[in-house]
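Enquirer: This is the structure I have questions about; it appears just below.
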Amino acid sequence: MESGFSGGGGGSDFYGGGGGRSIPGGPGTVINVGNNNPQTTYRNQIPGIFFDQIGNRVAGGNGFSGKRTLADFQAAQQHQQQQQQQPFYSQAALNAFLSRSVKPRNYQNFQSPSPMIDLTSVNDMSLFGGSGSSQRYGLPVPRSQTQQQQSDYGLFGGIRMGIGSGINNYPTLTGVPCIEPVQNRVHESENMLNSLRELEKQLLDDDDESGGDDDVSVITNSNSDWIQNLVTPNPNPNPVLSFSPSSSSSSSSPSTASTTTSVCSRQTVMEIATAIAEGKTEIATEILARVSQTPNLERNSEEKLVDFMVAALRSRIASPVTELYGKEHLISTQLLYELSPCFKLGFEAANLAILDAADNNDGGMMIPHVIDFDIGEGGQYVNLLRTLSTRRNGKSQSQNSPVVKITAVANNVYGCLVDDGGEERLKAVGDLLSQLGDRLGISVSFNVVTSLRLGDLNRESLGCDPDETLAVNLAFKLYRVPDESVCTENPRDELLRRVKGLKPRVVTLVEQEMNSNTAPFLGRVSESCACYGALLESVESTVPSTNSDRAKVEEGIGRKLVNAVACEGIDRIERCEVFGKWRMRMSMAGFELMPLSEKIAESMKSRGNRVHPGFTVKEDNGGVCFGWMGRALTVASAWR
């Protein structure tokens with residue numbers, strides 16, 4: 001077929017014509033054709049006359065006759081494509097393997113200094129529908145140029161022709177027209193790219209924590225990129241997570257955590273307690289190892305509370321301590337009763353209830369015979385004698401001097417005597433009260449009963465007259481007596497029944513408002529934090545730090561807390577109850593609540609406000625509650 005040009009042409013020499021030239025394919029259309037002679041160059045094409053020849057070509061034109069058959073051409077194309085893909089996948093796999101330890105940094109508008117294969121050309125198909133080859137035949141094409149080139153291509157009958165601005169940027173295979181892939185094959189190329197990226201993420205354990213759908217990945221980055229990241233690490237790496245209880249979130253602290261932290265909070269305490277309650281001793285021990293207890297005299301009440309709680313939890317894991325019977329603890333307990341208004345006002349409320357039960361006649365005031373099961377250092381009765389003296393001074397001095405008779409029962413727990421100084425100490429207390437009574441013009445009769453077992457408790461064993469008026473004081477006594485949760489004998493209820501058999505006119509009960517007896521371990525920890533935390537804060541706010549007794553009181557509170565949290569069974573002495581449970585227990589023993597008079601409540605309120613505005617006094621179901629900042633710490637009540 002004549003082409004109209006010198007030098008031969010036409011369809012017969014499409015693959016092997018003598019020289020590269022433009023062949024007219026129709027009105028106003030040309031197709032670029034090269035031959036197999038590398039020395040022959042393309043002729044300069046006339047701008048503005050490029051048209052689509054395929055649209056005007058007659059279908060079924062198979063009259064080409066070349067040096068190679070179609071099958072040979074397709075086989076050559078497939079072989080060349082395999083050779084191009086093999087180094088690409090080898091390079092991609094190498095990049096993925098070498099990038100496992102360091103995740104490359106992604107930069108916007110990054111241009112790789114070392115070229116790589118453009119993935120969009122891997123799956124391109126030729127005009128002949130075979131296992132197609134790339135239009136660029138494996139040459140490196142920057143992504144920006146590829147996108148610009150694709151935007152310049154036109155679509156004709158579903159086939160994109162290689163005409164436009166990017167057609168001559170790179171040499172093409174001689175003898176083959178530069179034809180772009182079919183349009184629907186572009187989606188397959190994108191799918192393959194996405195698949196490779198997913199494979200990359202799986203190999204690198206990439207969870208997209210850097211955020212965003214970043215197109216610049218390990219595959220599209222060059223070797224020099226991740227090598228640069230190895231040489232120059234990220235100046236702001238992810239900091240090590242610091243230890244925190246609350247929390248198990250993935251947020252990190254601004255500074256690197258050390259192996260031991262001096263910061264501990266109530267939340268940390270609850271985390272340790274939860275681990276212990278769930279039997280995860282190793283986890284609890286690990287957390288405790290991170291918490292330091294650096295002695296600091298300037299620590300506030302909250303920090304001291306946490307220190308006590310940590311010591312209690314450590315003791316819970318190791319060997320519990322039982323040091324509540326020592327002389328040091330007895331002294332600290334008495335100091336607590338004297339320095340803390342919540343305890344001191346509770347004793348005073350009990351004294352007022354005892355004085356209200358006295359008989360008034362022409363011969364003078366007849367104070368009931370007081371039976372005390374835990375007199376301590378006698379501080380409560382020092383205040384009782386002074387209050388009685390104040391009342392007496394307000395009346396006619398013609399009356400006879402009042403007589404106060406007190407019987408102190410040696411301290412016993414679970415039916416056994418406790419070595420707290422015994423009879424000698426109690427006699428010393430009696431001597432002190434007698435001397436004070438003499439100065440105040442009050443006659444004091446003080447008796448001591450020792451070696452008395454619970455089953456032998458009666459009027460006769462106490463030295464009481466059959467028709468004598470009695471008052472039994474149980475202030476801060478019952479919480480230390482075991483109940484049915486400790487032993488089947490239930491000494492707590494047995495003591496109440498024995499006291500009921502004495503037929504007293506009044507029974508005074510003062511106890512801490514705290515649920516630490518039968519509460520589960522976690523409940524005890526939470527309750528101890530709330531109760532003893534408020535108590536420590538009240539001591540800190542009312543007792544000057546220069547007072548040497550303050551440290552002793554705080555240490556005593558710490559021992560009480562440790563016993564309540566760390567010990568179980570008979571070793572746990574601190575078994576406080578809330579007022580509601582005491583009401584039920586007293587009612588079951590046959591007692592009836594005697595609401596404290598409004599006069600007593602108002603007197604306690606005025607005294608509490610004079611000490612510190614943070615102390616609160618309120619009536620609650622017949623009892624008077626004393627607390628700190630709204631938290632009830634002690635409750636006083638009277639029974640008959």
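Yeah, the Cβs are placed from backbone N, Cα and C, and that goes for glycine too.
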Enquirer: In Swiss-Prot, which of the ranges 318-322, 323-327, 368-372 has the motif 'VHIID' annotation?
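Expert: From Swiss-Prot, the annotated motif 'VHIID' range turns out to be 368-372.
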Enquirer: Report, as numbers and ranges, which residues of the same chain sit near the region 'Leucine repeat II (LRII)' (428-460): CB under 8 Å and 6 or more residues beyond its ends.
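Expert: For the region 'Leucine repeat II (LRII)' (428-460), the sequence-distant neighbours (Cβ-Cβ under 8 Å, at least 6 residues beyond its ends) are 375-378, 381-382, 385-386, 388-389, 392, 401-410, 412, 415, 417, 422, 466, 468, 470, 491, 494-495, 498-499, 501-502.
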Enquirer: Who are the long-range neighbours of the motif 'VHIID' (368-372) in its own chain, taking Cβ under 8 Å and residues 6 or more past its ends?
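Expert: Residues packing against the motif 'VHIID' (368-372) from afar: 354, 357-358, 380-381, 404-409, 462, 464, 468-473, 502, 504-506.
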Enquirer: Is it possible to list how many residues within the region 'Leucine repeat II (LRII)' (428-460) are helical, extended or coil according to DSSP?
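Expert: Taking the region 'Leucine repeat II (LRII)' (428-460) as a whole: 18 helix, 7 strand, 8 coil.
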Enquirer: Pull the DSSP breakdown for the motif 'VHIID' (368-372) and write it out as helix, strand, coil residue counts.
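Expert: Once the DSSP states are binned, the motif 'VHIID' (368-372) shows 0 helix, 4 strand, 1 coil.
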